[in-house]
Amino acid sequence: MVVSREEVREIIGRGNAIVIYEDHLLNLNGWLERHPGGEKAIHHMIGRDASDEMNAYHDPETVKTFKRWSIGRVKLPWDNLVPPIQGGNYSFDKVDQRVIYKKLGIFPGVKIEPKVQENIVLTEKSASKLLPVGGVRDPKTIIEDFDNKLVYEDIKQIPSLDHETQRNLSLQYNELHQTIINRGYYQCDYWQYFKEFCRISSLFLLFVLFLRSKWYTLSAISIGLMWQQLVFIAHDAGHISITHNYQIDNIIGIIIANFIGGLSLGWWKRNHNVHHLVTNDPVHDPDIQHLPFFAVSSRLLGNVFSTYYEKYLWFDKIAQKMLQIQHKLYYPILSFGRFNLYRLSWSHLIMGLGPRKGKAAWFRYLELIGLCFFSYWFFYKTMSYIPTKTLRFWFLLISHWTTMIVHVQIVLSHFAMSTSDLGSTESFVSRQLRTTMDVDCPEWFDFFHGGLQFQAIHHLFPRLPRHNFRKVQPLVIEFCKNTGLHYSIYGFVDGNGKVVNKMADVASQVVILNDCLHSIHLENTTGKNLYEAKVESVSIKG
């Protein structure tokens, strides 16, 4: 049975989680609670052709099971609907609000507005009409004004967003993916993990040796570096890219993340899966939602409702003060990042936000045991070995400050990149390359970055073992040359410079917005509103 686009809209409107895979209409109502990747990952794909995403994130055996959820066929090519969680327009008059929230991710009393409405294809010409810039006096429009300029710049730098061009990009991406599979790049090089084991074991031995020798600063640095390196293996395990066995890789990840590192692998996976699907979207991607401390998009300056955290991110007085100097506070705040991860990890497990049913459900209890074990061996046993409260305090700070390195590495790949919503026509491959950068470094130094230097490649092929990223890089570069997509790569210093500059740009918008709010009624000697005059003097940095 072939189902039309409007019929699909009606089926979703009856409270069904409908996703398009190839030419099949999948009803995932019965899978939401069991999906190991979390229900929100599915919510963001409702009404869309998710073929590229589903093939990229799942192993071949899992891919074979997709069509068992099929309830019909659709005619290809499919024009994406906007998912309900992203503000799609559906009629839910006869559906219970609890069903809508559970199955579709819609929040009662909250209205999400997509930047680009359904059936709109952004072009340079249409963007100037749909996303006007300039001549504003209302302080609320400063957010849209700044963001619209960035959207316009993005449109000029990528291939056309029309359906045919984006479908061709998808086809070429799938050809590239098949080439990578055929060349055996999904085979994990376990010799590289033996090297990782030796390196991390050495850091652990140094931690113990220095601790017993009462060289507490060196001991703290050693364990901090060990945690930094362990994060990369936990990341690999979370993507099932070590053994490609779901249970084994998750157990490896939990031992490393929870038992040794004190962080929840389940929390990270739930967060990270959404991040991969809606990368750098200010409303939906939790990886760039850090108010009141950071904002990398002016869209976060307007009390945005986070569909991930299910709450408003308030642009309150604290945020208004902090964001004006965020580029100056960037590194100091990142140095305390691990403490926030402890909070998020415990909250995730205590509140039971991970899968409650299916093969991933039991991980919650193993993770809780892991966090308790970590608290015992680090916060109790290790700290009790240090004689004074002052030394314990500094040991705690130095060990956690050392892990700031990995926080810088994580955000480097995305903070400086596009945060624009270009509409539902943009393909998976276009979005990933537009919102992600790689970091240039010599091959011998790859271990230090742990694969995070190839985040653009990782976002295209999430299950690919990281030790093969460098082998795949020439293929991705050639692909980008052939398609007109841009492969962004910068040195570590230059990349950090772009991040800080991006944050300074947004900080300048906060200053302007605050000036507007305080002086909207005052006029300067030219008769212009002070806010309007200042807007004219500010230009967006490239």
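Each Cβ is built from the backbone N, Cα and C atoms, and glycine gets one as well.
Quantities reported herein were computed from a predicted structural model and do not represent experimental measurements.
Pulled from Swiss-Prot, these are the features on record:
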- HIS35, HIS58: heme binding site (BINDING)
- 1-75: domain 'Cytochrome b5 heme-binding' (DOMAIN)
- 235-239: motif 'Histidine box-1' (MOTIF)
- 272-276: motif 'Histidine box-2' (MOTIF)
- 455-459: motif 'Histidine box-3' (MOTIF)
- 215-235: transmembrane segment (TRANSMEM)
- 248-268: transmembrane segment (TRANSMEM)
- 329-346: transmembrane segment (TRANSMEM)
- 360-380: transmembrane segment (TRANSMEM)
- 393-413: transmembrane segment (TRANSMEM)
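The average pLDDT computed for the domain 'Cytochrome b5 heme-binding' (1-75) is 95. HIS58 (heme binding site) falls within neither a helix nor a strand when secondary structure is assigned with DSSP, and so counts as coil. Same-chain neighbours of the motif 'Histidine box-2' (272-276): 37-38, 40-41, 44, 57, 238, 284-287, 308, 459, 462, counting only residues six or more beyond its ends whose CB sits under 8 Å from a CB of the stretch. Within the same chain, residues 34, 36, 250-251, 254-255, 257-262, 264-266, 345-346, 349, 352, 354 sit at least 6 positions outside the transmembrane segment (360-380) and bring their C-beta atoms closer than 8 Å to a C-beta of that stretch. Sequence-distant neighbours of HIS35 (heme binding site): residues of the same chain at least 6 apart with a C-beta under 8 Å from its C-beta are LEU28, ALA41, ILE42, PRO355, GLY358. Within its own chain, the transmembrane segment (393-413) is flanked in space by residues 216-217, 219-221, 223-225, 227-228, 231, 287, 331, 334-339, 383, 386, 436-439, 449-450, 452-453, 455-456, 492, 495-496, 499, which lie at least six positions past its ends and keep a Cβ under 8 Å from the stretch.
For HIS58 (heme binding site), the same-chain residues lying six or more positions away in sequence with a CB closer than 8 A to its CB are ARG463.
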